[in-house]
Amino acid sequence: TAGPHLSAFLKFTCARVWIPDAEEVWKSAELTKDYKNGDASLQLMLEDGTSIEHTLDPKTKNLPYLRNPDILVGENDLTALSYLHEPAVLHNLKVRFVDSKLIYTYCGIVLVAINPYETLPIYGTDIINAYSGQNMGDMDPHIFAVAEEAYKQMARDERNQSIIVSGESGAGKTVSAKYAMRYFATVSGSASEANVEEKVLASNPIMEAIGNAKTTRNDNSSRFGKYIEIGFDTRFRIIGANMRTYLLEKSRVVFQADEERNYHIFYQLCASSHLPEFKNLKLSSANDFLYTRQGRSPVIGGVDDTKELSTTRNAFTLLGINESYQMGLFQVLAAILHLGNVEIKDRDSDSSVIPPNNRHLTAFCELVGVTYQDMSQWLCHRKLKTATETYVKPLPRLQATNARDALSKHIYAKLFNWIVEHVNKALITNVKQHSFIGVLDIYGFETFEINSFEQFCINYANEKLQQQFNMHVFKLEQEEYMKEQIPWTLIDFYDNQPCINLIEAKMGILDLLDEECKMPKGSDDSWAQKLYNTHLKTSSLFEKPRMSNRAFIIKHFADKVEYQCDGFLEKNKDTVNEEQINVLKASKFELLMELFHDGEKAISPTGQVQGTGGRTRLSIKPDKSRDSKSKEHKKTVGCQFRNSLQMLMETLNATTPHYVRCIKPNDFKMAFTFDPKRAVQQLRACGVLETIRISAAGFPSRWTYQEFFSRYRVLMKQKDVLPDKKLTCKNVLEKLVQDQDKYQFGKTKIFFRAGQVAYLEKLRADKLRAACIRIQKTIRCWLARKKYLRKRSAAITIQRFTRGYQARCPSFIIIISLPQNTCNKRKLNLEQLLREHKAVIIQRHVRGWLARCWYKRCLVSIVVLQCCIRRMRARRELKKLKIEARSVEHFKKLNKGMENKIMQLQRRIDEQSKENRSVNEKLVGLENSYTAESERMRGELNRLRGVEEEAKKKTNQVTSLLEELEKLRKELSATQQEKKTIEDWAQTYRNEMEKMVSELKEQNGSLKKDKDDLNRMIQEQSQQMTEKMVRSIAQETQQLETDLNEERSRYQNLLTEHLRLEEKYDDLKEAMNVSKPGHRRTDSTHSSNESEYTYNSEYAELEEGSRAAEDVTRGMDTSLTLKLQKRLTELEQEKQSLRNELENKEDQFQRARARDDAEFKKARGAELEYESLKRQELESENKKLKHNLAEMRQSLLGDAAAGAGAPGSPAYKVLLEQLNASCEELDVRKEEVLILRSQLVSQKEAMHHKETMTEPSVYAEDVSKLKDADELKQACIGLKDTNRLLEHQLQTQRRTYDNEVESLRSELQNVKEENNRQQQLLAQNLQLPPEARIEASLQHEITRLTNENLDLMEQLEKQDRTIRKLKKQLKVYSKRIGEMGAGQTEGQTSPGQMVDEPIHPVNIPRREKDFQGMLEYKKEDELKLVKNLILELKPRGVAVNLIPGLPAYILFMCLRHADYVNDDQKVRTLLTSTINSIKKILKKRGDDFETVSFWLANTCRFLHCLKQYSGDEAFMKHNTQRQNEHCLSNFDLAEYRQVISDLAIQIYQQLIKCMENILQPMIVSGMLEHETIQGVSGVKPTGLRKRTSSIADEGTYTLDSILRQLSAFHSTMCQHGTDPELIKQVVKQQFYIIGAVTLNNLLLRKDMCSWSKGMQIRYNVSQLEEWLRDKGLMTCGAKETLEPLIQAAQLLQVKKKTDEDAEAICSMCLALTTAQIVKVLNLYTPVNEFEERVSVAFIRTIQTRLRDRCESPQLLMDTKMIYPVTFPFSPSSLALETIQIPGSLNLAFLTRV
C-alpha cells in the first residue's frame, strides 16, 4: 500500500496512479481532481479516456500506488525505480518484454528471465566474449552476466558459487542452466586435452532424452531437478563436473495426460526402429505401445526424433559409454515398452491371469533374460509372510496392473540412476578440484486443481529455498548499511520458518505421515484426522477445508494450497513386489544384473517416488549415511527427501548464491505475449516481490555523491557549489527534502527512501521545464522583434520613396484673376470632370482587359482543340507507321511486291500504248475514207441534182442511203467517244503510276532511315555490351581481390593457429625440460623452415642459469617462496604423465642412438672412400681442362696474323670444339656435383645431432682407419656403398621416369576432359539462340584465354626462376674456370710474351677485392651475434641513438658474406637462429608493445633486404648500380623469404593483440562512459547493480587517454622505422577495434542509447578523425572502419516518428545490419522527459523496409577480426658499405669486408 508521503503528490492534478483491475491486475489512471485529507474517493481518468471514481478502503484509507516517471520506465534494474511496488514491477517487465523485446531484467540480486518462446540471436560466442570480464552492472541484464559474476567471484574471493535457476514448467529453467554452463565452458577452457567442457555440454542431450518430456505447458519440460557442480583447477579452468538429481517423475513412464508425452527416449527409439541394429528390439510405432500413446500426441512439431537419437548416441559415445552398453540401455527401454503392453485378464473377482504365449511378455522376457513362467507367475501373484508361514496370494486384475506399472517405473528409475552415475564417472578427472560453480535447475512453486504428495514435496523444497533466499537478501542489505556506516534499523521481512516447522519439525506433517505408514492399518483418512487434531488449533498456517475431511490447506509464502490426502501413504511407502525384483536379479542380462545388484552394494545418487496417476511423480536423493539394507528399506520417501533437501541446503549455504527466476509469460507459448495475471502469480511465487518489499522497507535508491551532484546540479545555485562535493550534496539535499528520515548519508553514497528519487526528478523536471520556457520566451521575443524591425524598415523605405515621388510631381495649379467663388466652383467642376474622365479611363481599361481575357480564353480553347485534333491525327498516323515499321521483313516483301506490280503496270501501259496507236491509225483511215466518201457523195449529189428526176425516182434509195449515213455518223461519234475515254484512262493511269512511284520512293527513303536507325541501335547495343563486359570484368576483378583478401586472411589465421601450436609445444617441451633438466634432445628431423628448436642449447643453458640466479635473488621473500613451492608441487603432479612419456622417449632414443652409431661407423668409411674417388676424378678432369686451355692459348699465340682469330681459322675451330666439349662436360659435372652436394648435406643434417652427442674427433678416427691394416676391407665396403648409392640413383631416376609418365597421363586425361568439356559446351551453344550463342562463345573464349594466360604466367615465372638459378650457377663456374685459366697462364707465359700481347687479357679479375658492405664472423661467434643483436638488445636505445633497422642491416650483411663464401650451412644456421631468436624474444616479451613494434620493423626491413638484393629484376630496378653489385650471388633465398614473411605476419598479429590489450580497458570508458561534453547527459538511477560511473574520477580513462595512447603507438612505430604502409594498416586495425568494441557495448547497454550519448559519440569520433588528419593518415581506411559507429550515433539523434523518418534511417544506416538497427531502436532510452521513446509501430516499419536486405544476422561485430596484412616492397636507399657498427652493440667480433 502507499505510504502517507504519497498524499503530497495527490494534492496536484495530473498525478498518475495504479488501481486494481480484474483483467489486467493493475491499470494506470490519472487524477483529475485534487485530493484532500479525509476524502473517501478519488476522481480518476483511465488511459482510454474513461472517467471513474475510485473508492478508498474505509478501514485503512490507503491511497493507490503512484506511477514512476516515464523516464524510469524500462530500467535494467527494478530497484532503480523510485516507487517499488507490485504494479511498478509488473509494468516495467511488460514494457521491457513487449516493447523492447528484452527478456532479462535485474531485480536486485535476482535476474528475472521471461521465456520469449522464440529463438533469439543473443547467445552466440560473440555475446559471450562481450560479457567476459565485464562488471555485472555495466552491461544489459543477461544470463551471461550472472555467469560472469559467479566466475569472477570464484576467482577473486576463492569461494564456491551457486546459480539457482527456478521457475514453473515451461518458464525456461533448463535453457537458462544450459546457457550458463556453455558460458563457463567457453570462457574458462579445459585444463587438459580431454575436452572436459565438451563432455559437460554433452551431458545435456542425454539428460534431456531420459529426463525431459512434452507437457501441456512445455515441449521440453524437465521432469526432474538437478544440481551440477562444475569443477575448476587453480587456474580456474574446467576439470570436471558432477551431477546430483532430484525428484524424477516416475509416474510419467506409465501414464501421460492428454497432449503430453512420455520421456523423449521412448519416442526416439520408436522413430528409429527401422534401423538394422534395432531389429531385435521388436519395436514399432509409438502408437502401438500403451506407455507412449496415452497422451495422443506422439509428435512434437519441428523435432525429428530420429536425429535426436543420433545426437543422444553421439553424446553417449563422447562420455565413454560404448556401443554395447548403449544397446543394452536401449534393450531395457524397449523391454519397458513391451511390459506395458502385457494384457492382464480377470480369472475371477479375486485373481487374474496372463494368457499364455503373450507376445509382448515373451519379448520382455527375451530382452531382459528371464523366464516367461516366473514373470507371468509373479505379475499376477504376491508372497505374504507371517510369523509362522509364507503363502502366495493371487492379485485382482487392478492390483496386478498396478504392480506391473510399479515394476516398469522401478526399472526406469534404476536405469536413470545408472546413467547419471556413469555420466558423473565420465565427467570426473584425476586433477584436484580447487573450486566449483553449482548450477541448480529446480522446479518452482506449484499449485493445481488437485494437489497431492508430489506438489507437497515440491512446495516444501521451495519453502526451504525461499528461506535461504530471504536470509541472503537480508544479509546483503545489512552488509551494505554497515559498509556505508548508516544507522541500522531492523527490516521486517516475511520469515517462513513457521511453515517449514509445520512440515518438517517433530510431530510435523512428515513425522505424522511416517508414523501412519508404520501402522498396520494406517490409512489416508486416519492420517488426516491426526493432522486436524495436532495442527488445526496450534498453527495459523494450517487449515481444514469446509466441505472435505480428506484434505488440508497450508499457507505457503506464495499462496494457499489445498492438498488431497488420497494416495499420500502409498506414495510415501513406495513399495514394489519383491518377488518381481528377485526374478529380475536372476536374469542373465549383464546390464540388468548391474542395475539391481549395484543397488544393494552402494546407494545410487538418486531415488524415486512412486505414484500411480496424477500430474507429477517424484524421485528424491537419499541420504548417503544409511548403513544397511534393512534400514534403507524402512526409510520412507518423505524422510529421504527431507535428508536430501537438507544436504542441498548445506551445499548452497556454503556457496555464494546467484538467483535466476524464470517467468512464463503466457500459457499458449505465444512469442512476446505478456499475460499479467500469470506473470504476477509467478512473481509472487518466486520471491521477486519479496525482494522488492525488503528493498522498499529500507533505502532502495542509492546514489554516489558524484552521480547525485552531476544529476541534480541544475537544482543548485552557484553559491551552493563547494569544492567538497559531499558537503555540497548534504547542504542542497537538506534544503530540497525537509524530512531527514527520507535519506541517509553514507561514506560513499546517499540512501533514499522509496519515492524520494521521483520527487527529486519532479523538481529537476520542473526546473528544466522552467528553463525551457524561459529559453522559448526569449527566443520568441527575439524572433518577434526581428520581424517587427524588418517591417518597420520596409515601411520607412516605402514612405521615403513615396515622398520623393510626390516632390518630383507638380502639386499646385495657379489660377489668376478669378474670384474665389469662381475658383472654387471651377475647382469643383474640374474635380468632377477629372473624376468622370478617370472613371471612363478605368472603364475603358477594364473593358479592354475583359475583352482581352475573353479573347485569350477563346484563343487558348481553339489552340487546345487544334492540338487535340492534330494529336488524334498524329496518333492515327503514328499507329499506322508503327504497324508498318514493326518488321523489316514486311517492308522488304512489300518493296518486292511493289516492284513486280510496277513492272506489270509498265507492261500494261506499253500494251495500251500499242493498242492506242493502232486505234489512232484506224481513226485516221476512217477519217480519210470518210473525207473521200464525202467528196464522192458531193459529186454524186451534184450528179443527182442534175438528174433530179432520176433522184426523185429513186427516193426510196436515198432514204435508205440517208439512214445508212446516219448510222455511220453514229458509229463515228461512238468511235470518237471511245477514243476520248481511252485517252482519259491513259492520263489517269499515268498519274496514278507517278503517284505510286513517288510513294515507293518515300517508302524506300523511310526504309533506308530505318536501316540507319537499326545500324545505330546495333552499334549502341554493341557499345553497351562492351561496357557491360567491362563492368563485369571489373566486378570479377573486385571479387577476385575480395577472394584474395579472404584467402590471405585464412592463411594468416592458419599462421596464428600454427604459432599457438608451436607455443603449446614449446610449453610442453619446457615442462619436460623442467622435469629432466640434465638431458635435452633436439629433433634433427625438423626442417630449418619450420622448427624453432634446432638452435643450440648453450645459450639456453646460460639463460636458465641467469634465470635461476634471479629466482634465487627473488626467493628472499618467504611468502613468495612458499607459493612457488606450492605451485611446483602442483606442476609435478600435473606433469606426471609427461615424465613417463619422457622416460619412454629416452629409452627409445638410447636404443636408436646405439643403432645409429653402429650404422654411422659402418657407412662413414665408404662415404670417405667414395668422396676421395670423386675428388681424384674431378682433379683429373680439371687437369684435362687446363691442358685444353693451354693448347688453345698456344694455338692463338702461334698465329700472329691479324685474322688468325677470325671465324673459320684453326684457332677459332679449336676454341669452339673445346668450348663445346667443356660445356658438355660442365653439364655432366654440374649434375654430379649437385647430387653429391645434396646427399652430403642431407647426411650432414642427419648426423649432425649424433656428431654433437659423441666426441668431436670422429672424423679423425674415421680417417685414421683408412691407414690401418684393413684398408682394403674398408675400400671394399666403400665400393659396396658406392654400388648402393648408384642403385639409389637408379631408383631415383626410375621414380622420376614414373612421375613423368604419370604427369603425361594426367596431362592426357586433362586434354580428354577439356575435349569433352569443349564438346559439351559446343552442344550447349548449338541449342542456344544466335544472340545468346555469340555471347556464350565470347564468355567461354574469355575464360579459356584467362586460364591459359594464368598457366602461361605460372610457367613463365617458373622458367624465370630456373633461368636465374642457372645464371647464378653459370657465373660461379665461369668464375672458377677463369681463376684456373689465370693461374695456368701465369705459370706458362714468359714476360716477353706478356709484353708482346697486352691487348688480349684472358684472366677474370676477382670480385672479392671489390666487395663491400659485408660482415664476416666465425662460426663459433654466431651464438654471441644472436645473443647481443637480438636477445639482449634494448629497443629503446637502438630507436633513439641509431639508424632505424640497424639489426636487420647487420644480419643481412652477415648473410651476404656467408653467401659470398658459398657456405650454405652457415646461411642456413644464421637464418634459423635469427628466426628462432626473434620468436623467443617475442614469446618472452610479447606483451611489450615497444619490443614487438621494434622487431616487426626490423623483420620487415630484413625481408625487404632479401628482396632488394635477391637479384630479381623486379626488385633490382629500384636499386642503384652499386646496390645491384651487392646482390646475392650463390643462393636463392625465396623460400626463406616466405618463412620470414610468415614470421612478420605472426609479429604483426602479436602487435595487434598487444595493442588491443592496452586499448581494451580504455575504449568503453573513453568513448562511451566519459562525458567529453560536460553536462549534456545526466546520470539516471542505477539500482543495486551499480554500473561504472560516467563521471571522470581520478584514474578513469577518457578520450584524451585514447588519443595519447594512439600517439604513443604511432611515435613508437615511426622511431623504429616501420614502413608507412604498414603503419597505415596498424592504424586501420586500431580504429576498427575502437569502433567495434564501442558499438558492441552500445548494443548491449540500454543506458547508453540516448540522444545525448549519440552527440557524445559523434564528438568523440570527430576527435579521432582530427587525430588522423594531424598524422596524415586520412587515406589509410581507418575512418571507414568507424562508419558503423557513426551511423549508430546518428540513429540515436535522428527523428524516429514518421514513415519519412523510417525511409531516411534505412538510406542512412547502410553500414549497420538490420539486427543492429532494431536493437538500437529497442534500446533507445530517454534521459530527460523531453525525449520520446520509439514506438513499436515505427520499429516494425523499419523491419518491414529492411527485410529484403541480404546480410548476416549477427548482432555484434567481431572484435577479434584482424585485417589481412601485406608488406609492400620498400627498398632502402642506404648503402651497405656506409653502415658503421656502434660499440654499444658489443659486436667487435664482426669484421667489415
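Every residue, even glycine, has its Cβ placed from backbone N, Cα and C.
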Region 'Actin-binding' according to TrEMBL, located in which of 231-253, 645-667, 1657-1679:
645-667
Surrounding residues of the region 'Actin-binding' (645-667) on its own chain - C-beta under 8 Å, 6+ positions past either end:
93, 97, 107, 109-117, 143, 146, 149-150, 153, 157, 159-173, 176, 180, 217, 227, 244, 246, 438, 440, 444, 460-461, 464-465, 468-469, 472, 620-621, 623, 673-675, 678-679, 682-683, 686-688
Overall pLDDT of the coiled coil (1287-1376), taken as the mean:
72
For the region 'Actin-binding' (645-667), DSSP counts of helix, strand and coil?
9 helix, 8 strand, 6 coil
Least surrounded among the binding-site residues, given as S169, T174, when other CB atoms within 10 Å are counted:
S169
Under 8 Å by Cβ from G172 (ATP binding site), counting only residues of that chain that are 6 or more apart:
A113, N115, C662, K664
Give the number of CB atoms, excluding that of E168 (ATP binding site) itself, located within 10 Å of its CB.
23
Excluding G167, E168, S169, G170, A171, G172, K173, T174, please set out which residues of the same chain place their CB within 8 Å of the center of the CB atoms of the ATP site, keeping sequence order.
N115, N218, S221, S222, G444, C662, K664
Out of G167, G170, A171, K173, which of the binding-site residues is least crowded by other Cβ atoms within 10 Å?
G170
